[in-house]
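In what follows, a single structure is set out as structure tokens and then discussed.
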């Protein structure tokens with residue numbers, strides 16, 4: 001089942017990291033060594049730790065970390081040391097962060113060689129003379145190293161390379177999506193768990209077991225599910241509550257496709273506007289798609305079922321040719337809803353309310 005967490009997943013990506021451990025009395029040297037070991041895979045170059053005192057006398061710890069490769073983490077507890085949890089930030093101006101840390105320390109420890117922040121894309125530090133204009137490669141290298149989000153990355157390019165930004169925006173958006181992939185918010189069912197109130201629940205259960213809940217041989221081919229019926233009957237909520245999935249509504253966007261998803265959902269998209277419908281319905285493997293603002297790519301390394309949801313006025317089968325309909329019926333379980341059916345069970349009334357309802 002999908003996670004119940006409604007918070008967006010934590011993400012940090014930067015070669016310069018600023019850590020603050022509130023109410024932490026750790027020795028700066030010990031803290032430095034522990035943090036250094038945590039980031040070995042990203043090739044640490046420099047770390048500075050300083051212990052300071054709050055006005056109330058309690059101690060806290062600041063740390064500036066610089067690595068050759070950007071630190072990429074999605075666990076907010078990654079930098080925890082001895083039970084102390086830090087505030088994790090990207091150090092956009094390492095010179096200022098270092099000056100701030102060294103302002104009033106009680107104890108300090110450094111390891112490695114500090115890498116001063118260069119003046120904006122000049123290839124020279126603030127104290128050095130500006131001798132020559134940087135190349136585009138140098139500018140982009142600096143942007144990639146210091147940008148902390150997709151929006152900041154594109155904004156920095158627009159500022160430093162305005163002509164390239166205006167003529168090659170599609171390619172910069174593609175690289176931005178690669179550097180800062182979108183973290184999809186996990187679906188949370190807004191309603192209490194319940195079973196579908198259907199006339200033929202058995203056919204749905206027979207489809208769920210082999211296609212969603214049971215692992216199968218990688219060589220086997222899954223089967224999709226097509227549900228057509230009225231709005232406000234819980235189709236989308238039921239489909240989205242089954243597990244990790246790719247969800248498309250209004251249009252199919254391949255740019256954020258998740259290979260780890262168990263299944264796909266096509267929700268309220270007219271048949272004529274669904275690209276690769278045969279590949280999705282047929283649970284095919286390794287087919288080519290063309291993401292918006294990106295290059296063509298191969299997706300779906302293993303057979304993956306698709307749940308197609310449609311209202312009666314957008315019934316896919318009414319738009320298909322005889323040949324298309326034959327393919328659809330061969331690769332898809334079709335469930336046409338009857339009047340009164342819902343994909344959730346009505347809440348049970350308390351005994352007193354139930355008696356009153358019967359009398360009325």
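For all residues, glycine too, the Cβ spot is worked out from N, Cα and C.
Listed in Swiss-Prot:
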type	residues	note
DOMAIN	11-114	domain 'CRESS-DNA virus Rep endonuclease'
BINDING	52, 60, 62, 104	divalent metal cation binding site
MOTIF	100-103	motif 'RCR-3'
REGION	175-187	region 'Oligomerization'
BINDING	229, 230, 231, 232, 233, 234, 235, 236	ATP binding site
REGION	252-270	region 'Transactivation'
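Under DSSP, the residues of the region 'Transactivation' (252-270) split into helix, strand and coil as follows: 3 helix, 5 strand, 11 coil. In this structure, the binding-site residues under consideration are 60, 62, and the one with the smallest number of other Cβ atoms within 10 Å of its Cβ is 60.
By the criterion of other Cβ atoms within 10 Å of the residue's own Cβ, the least surrounded of the binding-site residues 229, 230, 234 is 230. Taking all protein chains in view, 7 other C-beta atoms sit within 10 angstroms of the C-beta of residue 232 (ATP binding site). Among the binding-site residues 231, 232, 234, 235, 236, the residue whose Cα lies closest in space to that of residue 52 (divalent metal cation binding site) is 236. Within 8 Å of the centroid of the Cβ atoms of 52, 60, 62, 104, where the record puts divalent metal cation, the same chain has further Cβ atoms from 50, 51, 53, 59, 61, 101, 103, 105, 106. Counting other Cβ atoms within 10 Å of each Cβ, the binding-site residues 52, 104 show the lowest value at 104. With helix defined as DSSP H, G or I and strand as E or B, the motif 'RCR-3' (100-103) counts 2 helix, 0 strand, 2 coil. With respect to residue 60 (divalent metal cation binding site), the closest of these binding-site residues in Cα terms is 235, chosen from 230, 233, 235. Secondary structure at residue 232 (ATP binding site), taken from DSSP and collapsed to helix, strand or coil, is coil. Note: the Cα of residue 231 (ATP binding site) and the Cα of residue 62 (divalent metal cation binding site) are spaced 54 Å from each other. Taken residue by residue with DSSP, residue 104 (divalent metal cation binding site) is part of neither helix nor strand, so it is coil.
The two recorded residues, residue 233 (ATP binding site) and residue 104 (divalent metal cation binding site), show a Cα separation of 63 Å.
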